[in-house]
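For reference, the structure is listed below as structure tokens.
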Amino acid sequence: MINGRYQKEDVVNNNNNLNLNLIEKTLNDLTIKNNTNINNNNTNNKNTNYYNNNNFNNNNNNNNNNNNNNNNINNNNNNNKYLNNSHNNNNNNNNNNNNNNNNNNNNNNNEINNNNNNVLSHSSLSGKGGSTTYETTSYTTSITSSRDTGTISTSYESSSSSSSSSSSSLYDDDEYSDYSDSSDSIDSYVNHRQALSKSQQQQHLQQQQDQPQPLHSSMGAISNEKPPSPTNQQQQQQHHHPKHNIELPKTSSFGLQPNSSIPHKKSRSDFDFIRTIGKGAYGKVKLVIEKETQLIFASKILNKKLIIKEKKAKYVNTEKTILDSLDNPNIVKLFYTFQDENNLYFILEYCPNGDLLGALKKAGCFSIDVVRFYAAEILIALEYLHGKGIAHRDLKPENILLGKNQHLKLSDFGSAKQLSIGSHHKGSRSGSFCGTAEYVCPELLTEKSAGVEADIWSYGCLLYQLVSGKLPFKGFNEYQTFLLITKREFSYPDNFDKCCMNLIDQLLDLDPYKRPTISEIKNHEFFSSIQDWSSIPSQTPPPIEQMVPQSPFPSPNSSLRLKKRSLSVGSPINSSLTYLSQPPIKPLNLDNSNIDYNDFENNQIISNNNNNNNNTTTTTTTTTTSANTSGSTNNTLYFTSPNVTSPPTSMSSNNTPRYINPLPTQSTTTTTTKPAYSSTPSSTILKSTPPPPILSSCSSNNLLGKSSNQQYQPFQFHQQQQQQQQQQQRERSSTTTPSPTFLSNHHNQHQKNLQQSFSSIDKSSFSTSSPMSSPRILLKPTELVLMDKDRKRNIREQQQIDQYQWSRFLLPNDEIILACGITEKRSGLITKKRQLIITDTPRIFYVDPVKMTQKGEITVDGSLSAQQKSSKHFIINSKGRSRHFYDLDGQSKLWVDLINELNMLSFK
């Protein structure tokens with residue numbers, strides 16, 4: 001043997017001995033086992049790749065070398081892809097006639113261990129669901145010939161490929177495909193590839209015959225030396241050779257085409273995108289039609305760049321994995337997943353009737369029968385999820401869809417978490433914060449962890465909302481909502497179902513381990529009418545009828561619940577003030593449809609001051625003013641002008657004043673008559689100082705943000721008007737239900753009074769000057785620290801008068817404004833005016849002074865800092881984000897010093 005080649009000249013005269021040695025050596029090197037056949041096939045199909053479930057056959061049959069005493073070796077130079085560990089090797093009737101040595105090696109059904117890198121093949125395949133892992137190592141024999149040297153060289157090639165496809169990586173191209181290892185699809189592929197025509201086979205044989213044959217010499221024979229094993233470098237090169245990279249077909253489990261035996265992976269081109277039917281934070285949902293089947297689906301499209309930027313890849317993969325493992329009639333189905341350069345696509349079951357929130361808004365609230373049925377369907381879906389150890393963690397009406405038969409489908413598993421199976425009450429818990437503020441469980445706010453018990457809490461909130469049409473926990477902002485949740489502060493409407501109320505009380509337990517399990521909820525009295533839970537998905541849902549929502553009103557002792565700040569209820573000046581807890585509700589059926597109850601609600605508080613005016617009016621509120629200390633009273637009714645920082649610069653087209661802010665100067669007794677549709681007694685006597693009402697709305701040219709020290713001149717009505725009003729008050733006191741006609745007359749007359757009274761105001765008092773001096777540093781944090789409680793309370797009460805237009809954005813009875821001023825906030829190329837407010841809580845937020853809505857809040861923590869860039873420009877940094885503000889008066893240094901001082905006292 002020279003340079004790894006077998007020389008024919010070495011074995012001319014010793015054929016018998018060499019063949020015997022070869023047989024003995026071969027038997028020693030090969031470990032023979034049962035149930036495997038390796039056959040060397042003389043057919044040289046160079047361009048055919050077979051997927052064979054059972055055998056990889058290479059047959060050497062009846063190779064008779066009569067003239068040159070050599071074995072004519074034929075090789076399969078194919079990239080054969082095979083799946084099982086069964087190989088056949090038949091060396092039949094290899095006759096060497098010249099030397100009369102017949103060596104028959106019939107190794108049928110033998111498995112050969114490749115300990116010496118012989119002609120072996122090993123493959124392993126494992127896979128389940130959407131994850132497939134496979135390894136393949138193969139060695140093939142190749143023949144090279146040289147006409148010049150007359151030598152035959154046998155070499156061995158090895159290939160090894162390992163691949164793993166899983167849904168855990170966002171950057172894998174096939175990550176959003178559901179993989180199927182179905183043997184049926186593989187058999188179909190094999191049958192398709194093996195269905196070659198005879199002419200094609202003959203063409204392959206003809207090509208084989210046309211190839212140059214190796215030279216044979218009478219002196220040549222095969223050496224008994226073992227063929228050389230490939231070196232490590234050769235193995236490494238062969239391992240990365242393209243023809244050895246074996247890949248199984250990857251396709252969705254739903255991706256098999258009905259008219260094709262080859263699995264097809266779906267892509268965007270397979271669907272027609274019709275229209276957008278929903279939008280979310282990271283993408284949108286479109287109605288799509290599959291071109292081949294004309295089936296309708298909903299495609300959830302997620303933007304890749306946005307997901308990576310927001311670090312939400314983990315949640316997207318979790319949603320895909322969880323949806324792929326679920327199969328329940330009350331859970332939306334996932335059919336295909338794929339991606340392109342920019343987006344990820346979830347092809348989901350289409351629910352044509354929208355979500356539960358839309359149905360709830362149309363109906364107002366649901367009847368008990370509808371609530372019971374849909375609550376049962378939601379419970380079935382939760383039971384299925386919790387049985388698999390999955391917590392949804394974002395249960396709300398927006399994530400519950402209505403199918404074509406009005407049955408519920410739970411969707412949106414982006415916040416879902418895979419926990420241990422049977423984790424209720426003692427299993428694993430997740431510490432990540434997710435969900436919606438109004439439905440979040442208290443343990444996630446306090447303990448920073450939650451399990452499947454979080455779904456039970458959200459289920460209780462959802463049940464409350466379906467019955468009443470309102471949320472149980474709803475504050476002015478998320479912070480206030482969280483306080484309501486942690487204190488479990490909510491109330492029920494008057495006509496709330498008692499049985500359902502008992503169930504909700506158990507569901508909304510602050511202790512997560514005291515909340516009932518799914519089975520305990522099923523056995524509750526509220527679901528006693530359901531005998532067969534398994535028949536719920538096949539039942540016809542009860543019809544949804546429009547109803548009047550049972551609005552829950554804030555409890556009187558609530559200091560955190562959002563209270564509507566309007567002229568009808570006023571704003572508290574001190575802790576002794578008692579105010580109406582129930583804002584008026586519009587009646588359903590009134591004779592006069594032209595009544596504007598918004599204006600009626602916002603313009604019915606009348607205060608007192610003395611001035612004569614010849615006007616007539618009728619009102620629903622009278623004020624009795626103490627005239628002297630002897631206790632005698634003089635019944636008069638007055639309007640007073642608001643004590644505002646600046647007056648409005650324009651009025652509406654009909655000269656109707658929109659803002660009247662009475663300034664209380666004396667102790668009064670106010671009698672308020674509630675409308676007929678209120679549940680409280682018709683006559684409620686409130687003995688207190690009337691509060692200054694809060695502006696309910698404003699226009700672009702209103703009194704907000706204007707500076708003026710002038711006040712409106714007070715005016716009063718004639719004595720005859722006062723007597724008429726007193727007579728009307730006595731009439732209203734004697735009846736409990738004012739008629740619609742009375743309400744209409746009151747509204748119309750009241751509007752006339754406002755027009756006449758406002759026309760008497762001196763127009764010179766209106767100012768069109770520039771916005772108020774900014775910033776208005778009202779109080780420094782260091783000064784506030786040294787104050788006692790009484791002093792703080794007095795400041796708070798005074799601010800509710802001086803800064804009343806901004807007090808609606810404060811936490812009730814808790815916050816003191818440290819600074820308040822008009823600024824310009826710049827975001828990119830856009831600059832908008834914003835009222836910047838800093839409080840002692842501490843809180844920093846900014847308000848749109850025109851729309852009177854809070855536009856944003858800056859987190860106050862240890863990362864807070866402020867920088868002065870110029871006399872007007874300053875930056876507030878928090879949580880890695882910078883917000884640019886511009887002080888119009890060039891006093892940016894005051895803002896910076898105040899913010900840094902506040903941060904130092906709070907967190908240093």
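Quick reminder: no glycine exception, Cβ is built from N, Cα and C everywhere.
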Same-site residue for ATP (record: Swiss-Prot; known: A281, Y282, G283, K300, E349, Y350, C351, D355, E398; options: D270, D272, D340, D412): D412
Mean per-residue pLDDT computed across the domain 'Protein kinase' (271-527): 90
Collapsed DSSP category at G283 (ATP binding site): strand
CB contacts for G283 (ATP binding site) [other CB atoms within 10 A, all chains]: 21
List of residues, in chain order, with Cβ under 8 A from that of E398 (ATP binding site) and at least 6 apart: D355, L356, L357, D412
Position of peak Cβ density within 10 Å, selected from the binding-site residues A281, C351: C351
Within the region 'PIF-pocket' (302-346), residues counted as helix, strand or coil by DSSP: 18 helix, 13 strand, 14 coil
Cβ neighbour count (within 10 Å, all chains shown) around E349 (ATP binding site): 17
Summary of DSSP states over the domain 'PH' (764-902), given as helix, strand and coil counts: 36 helix, 53 strand, 50 coil
